[in-house]
Amino acid sequence: MKSFVGCLFLVIGVLPLAFAGHNYGEALSKSFLFYEAQRSGYLPHNQRVHWRGNSGLNDGKASGIDLVGGYYDAGDNVKFGLPMAFTITMMSWSILEYGRQMGASGELGHAMDAVKWGTDYLLKAHPEPYVLYGEVGDGNTDHFCWQRPEDMTTSRAAYRIDPNHPGSDLAGETAAAMAAASIVFRRYNPGYANELLNHAHQLFEFADKYRGKYDSSITVAQKYYRSVSGYADELLWAAAWLYKASNNQFYMNYLGRNGDALGGTGWSMTEFGWDVKYAGVQTLVSQILMSGKAGHNTLVFERYQQKAENFMCSCLGKGNRNAQKTPGGLIFRQRWNNMQFVTSASFLASVYSDYLTSAGKYLKCSSGYVSPNELLSFAKSQVDYILGDNPRATSYMVGYGSNYPRQVHHRGSSIVSIKVNPTFVTCRGGYATWYSRKASDPNLLTGAIVGGPDAYDNFADERDNYEQTEPATYNNAPLIGVLARLHAGHSGYNQLLPVVPAPKPVPKPAPRGKVTPAPRPRVLPVPANAHVAIQQRATSSWALNGKTYYRYSAIVTNKSAKTVKNLKLAISKLYGPLWGLTKYGDSFIFPAWQNSLPAGKSLEFVYIHTASPAIVSVSSYTLV
């Protein structure tokens, strides 16, 4: 089995999996519930995640400042400023591009509430022009304890940057967040928008004037959110957002003057996230260029755009240096919380696709010209993978679909709600009682995007598997924009650029490879009075070392008026891995997350091998 999976990992071009018609509107709604579960501070009257309570009510008090509020970044109880600010920036960008679609879904109010919960905290964290608080809580003591936020006994020390302890990356990202959010609130709350923009101007000046890496000043962040890329990308990122928010030519010229020195025109990236912002900067600058506003900065901005397009081509597998992908087609960057790179790349691909469409342009890759729709199709393939179109038939959004992570690495969701059982959970007692508990979480962390599978599409739903089962706020922030875009279909998007028709380049015809048709799916004959029906189909295929591999989907449907229990399936002529059922002796039974099949309902399992469909038959079952 290992050699087979390892062999699949070498596949370079995997055909997209069949689209399952996902409910992107439902996934969008659930994403905002996750942010309510991550709230720190006094919860509002309209809080919808009822298992959470007030927490962190003395944050900042020891330093003589009110730092109550904001978001916990992931499954712990620390408030880290850099990823929190990036989350706010990306939520704001999602609204700016696809707010109209969110409004049509009834989610724009929730989206703006999610942004404002973050910006209210960021305003508190910036009490003076050259002072910014960048962390509340200590990752070391926090990780020693397993407590729900309402019971915290760990350190709530506050850490800051100032002229003697600079942090250009932290200040720059916070400036970007406030600038982007100011555009979101400009029409609905102009006074608040102006306040945010004033803070953004001050923070940019602070970041640029007193340069340094924030984790050299706030050293307790180094083990958790080390700024590996430095601060040059955040300076450009902040300038780009301040130009969009203020239309002040100073910031555009800053991008032009510093594009080479700060790496905006030099770094060709295959990732985008809370640490590395270059691809995001390059995408924003490309929008300015395509809208015809670059002026005397045009030549420099064209170099930014070339790097932006390198990123897009790498996602498609059509560049000189391409992003790695799993056999199932998911972008793979690292073992720990890989989904953050999947959602951010999907967002950039979506917006760049729309920018190109608005400008009447095509994407230019080393392999030739690519239509904007191909970029959007890539983003859709990644989102569909997240929602369940993958070799394991697993949804990596908690609460979406029927097969999703049940043992999330998250203190609040894994411990009984304080509203159900107010008994105090001690620091180490939480580990003994709740962390080590091999059962589903008592509280559903609806909408959370967990870390996701490994490089071979494998995933273990275990609470101590923090690399794969821990969620993070910055996983969801780019995804909400893509979900809104996909939910709207082709009903339009916010055309922030003038539509200028341009002659379409004629792509060079690619050499046609031999296409091997998938074996005809076998529909199993079933008697007219059968209670359980099985239907199979091939959903994807690819060639490797002279062999053609097929991914098959099998749907088991209860056609009776009663509930099916104790189902046993016999599967023969199966020559590869199978996901979605549990092996039981020589048979297969319901997966761990399911013990029955109600009347009229179906379950899906998938498998991969090089042959025709396996022979699947019903051995036994009971009706209750």
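Using the three backbone atoms N, Cα and C, a Cβ is placed for every residue, glycine included.
According to TrEMBL, the protein carries these features:
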ACT_SITE  His409  active site
ACT_SITE  Asp461  active site
ACT_SITE  Glu470  active site
DOMAIN    532-612  domain 'Carbohydrate binding'
SIGNAL    1-20  signal peptide
Please report the number of other Cβ atoms within 10 Å of the Cβ of His409 (active site).
24
Model confidence over the domain 'Carbohydrate binding' (532-612) (mean pLDDT, whole number):
84
Across all protein chains in the structure, which of the active-site residues Asp461, Glu470 has the highest Cβ count within 10 Å?
Glu470
Alpha-carbon distance [Glu470 (active site); His409 (active site)] in Å:
5
Report, in whole Å, the straight Cα-to-Cα distance of Asp461 (active site) from Glu470 (active site).
10
The domain 'Carbohydrate binding' (532-612), counted residue by residue under DSSP: helix, strand, coil:
0 helix, 52 strand, 29 coil
